[in-house]
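Features as listed in Swiss-Prot:
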- 8-28: transmembrane segment (TRANSMEM)
- 37-57: transmembrane segment (TRANSMEM)
- 66-86: transmembrane segment (TRANSMEM)
- 90-110: transmembrane segment (TRANSMEM)
- 161-181: transmembrane segment (TRANSMEM)
- 206-291: domain 'RCK C-terminal 1' (DOMAIN)
- 293-376: domain 'RCK C-terminal 2' (DOMAIN)
- 386-406: transmembrane segment (TRANSMEM)
- 409-429: transmembrane segment (TRANSMEM)
- 450-470: transmembrane segment (TRANSMEM)
- 476-496: transmembrane segment (TRANSMEM)
- 541-561: transmembrane segment (TRANSMEM)
Amino acid sequence: MTIDFVTLLHQSDSLLLFVVLAFGLLLGKVRLGNFQIGNTIGVLFTALLFGQMGFEFTATTENVGFMLFIFCVGIEAGPHFFSVFLRDGIHYITLTLVILLTALLLTVGLAKFFNLGPGMAAGILAGSLTSTPALVGAQDALRSGLLNLPHKTDMQSVLDNMGIGYALTYLVGLVGLMLVVRYLPSLARLDLSTEAQKIARERGLSDNESRKTYLPIIRAYRVGPELAAWIGGRTLRETGIYPHTGCYVERIRRNGILASPDGDAVIQEGDEIALVGYPESHEKLDVNYRNGKEVFDRNLLDLQIVTEEIVVKNDGVVGRHLVELNLTEKGCFLNRVVRSQIEMPFDRNIMLQKGDVLQISGEKQRVKLLANKIGFISIHSQTTDLVAFTTFFVLGLLIGSVSLVFGQLEFGLGNAVGLLLAGILMGYLRANHPTVGYVPPGALRLAKDLGLAVFMVSTGLKAGGGILDHLSQVGAVVLFSGMLVTTLPVLVGYLFGVWVLKMNPALLLGAITGARTCAPAMDVVNEAANSSIPALGYAGTYAVANVMLTLAGSFIIGFWF
């Protein structure tokens, strides 16, 4: 029996799709020094190679791929999209606008000057900004019929040029941004580490790394005479055991009676106390407070310690500093704060935003009470709310199909923007109502990554047939344009942030990488600053940038049509 694998690939879109995906994802795992190629580049380049070899993709799977991707982008941005308008929000929005407008106008100018056409211009913009949402927005603006194409304009040719321009400039945009944010502080004669420490002092932040061990442990001690003398009749609140040791007094046994103390309780000699704290805190406890003998008492130690992720929701907490929650008095331990999928600097003085996720450890009932005060405990479920997912998906398509007519001018959002807005709404509602629209993080990541990968396969296969011709004709010009669109908007944004917005350079560079939605570049800034402080800036611009980038893709096509 003879199997002609090449013929099978030509005959089966499904087989071709997953073969390209498999090879592309393998290529994405390749590392060149500290640089990993990544799934997007790997899949796109593999698809271009297969397209150049004559393989074609005729299925409509591409549409499902880009719609899934952009909808999931909206869900991720939703919890924090409206919170951007709080502290420093206007700075982040303005900075994002300046960077994207500079990139948009520069791309249009270069494309007009070099006569590259709308498709190549949109591809250069999306690739140089490493923004797939911009590419999705541009392609959807054409496919949705919202634009009146000039007579004899070949839509497929314009779409293919988008894919080629994106492929040629994506790597330039990624590596270029990483190099710019790495060496710009040196050129500006700035010590980014010092700047990060400066903003930390100004805002009362610290930059301690998250603990390696998140779950506290329980140990029990009998209070000896030295500790009792040191306490001297003071209450637990007055002695400040937690600030000194990191341990919290969870239970006291006195004269055989168990009690759960509050801040007004007084420890006496002979009491047996159950302390909850991280292992390193217990290790230091005897030295600091000269406790008596450690005891084993099953009833005293019978506590259920849990670690939960609490979503910030309640208006009375949003906008306040974490320290105001008085976690120590509530017997709860903060492990980390996550905002827009980015772990924030480990500090209790961070201002809380709606949708922030606090990982908290402590006794089960105490953690539950804290969650009721600030929001809700994230659902521990692997089941997706498919009813909400499909309903909001349909809503996005309906929003995208609406067109407004003003005389001879017809205006509509298109599927990309409609799905993005519907995703934002679903994500926002999820941050406010724990039972609405729950999608497990793993499922959301799968849908987003798979949708993006399928979209890249289709784009690459369709554009691959003409990539060598374009490389020989305009390859150098496209790469040159990509370098300019990568670097100049960043420089303009940096100068605007320093001179006009008066932003701290560490926060500013983090915000610039967020405006470009480029997490690898943020890692470079964090490394240069020897701090995670820049992540605050990244989270400030990331959510709104996803929306603006999608719109930018639509707008650049509108310059021509």
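Yeah, the Cβs are placed from backbone N, Cα and C, and that goes for glycine too.
The highest tally of CB pairs under 8 A with the transmembrane segment (541-561), across 8-28, 37-57, 90-110, 409-429, is held by 90-110. In this chain, the transmembrane segment (8-28) does not touch the transmembrane segment (386-406); fewer than three CB pairs sit within less than 8 A of each other, excluding pairs fewer than 6 residues apart. Listed as Cβ neighbours of the transmembrane segment (66-86) (distance under 8 Å, sequence separation of 6 or more from its ends, same chain) are residues 92-93, 132-133, 136, 139-140, 311, 318-319, 339-341, 351, 353-356, 392-393, 396-397, 415-416, 419-431, 437, 439, 444, 447-448, 450-452, 454-455, 539-544, 546-547, 550. Per-stretch counts of Cβ pairs under 8 Å to the transmembrane segment (8-28) identify 37-57 as the leading one among 37-57, 90-110, 161-181, 450-470, 476-496.
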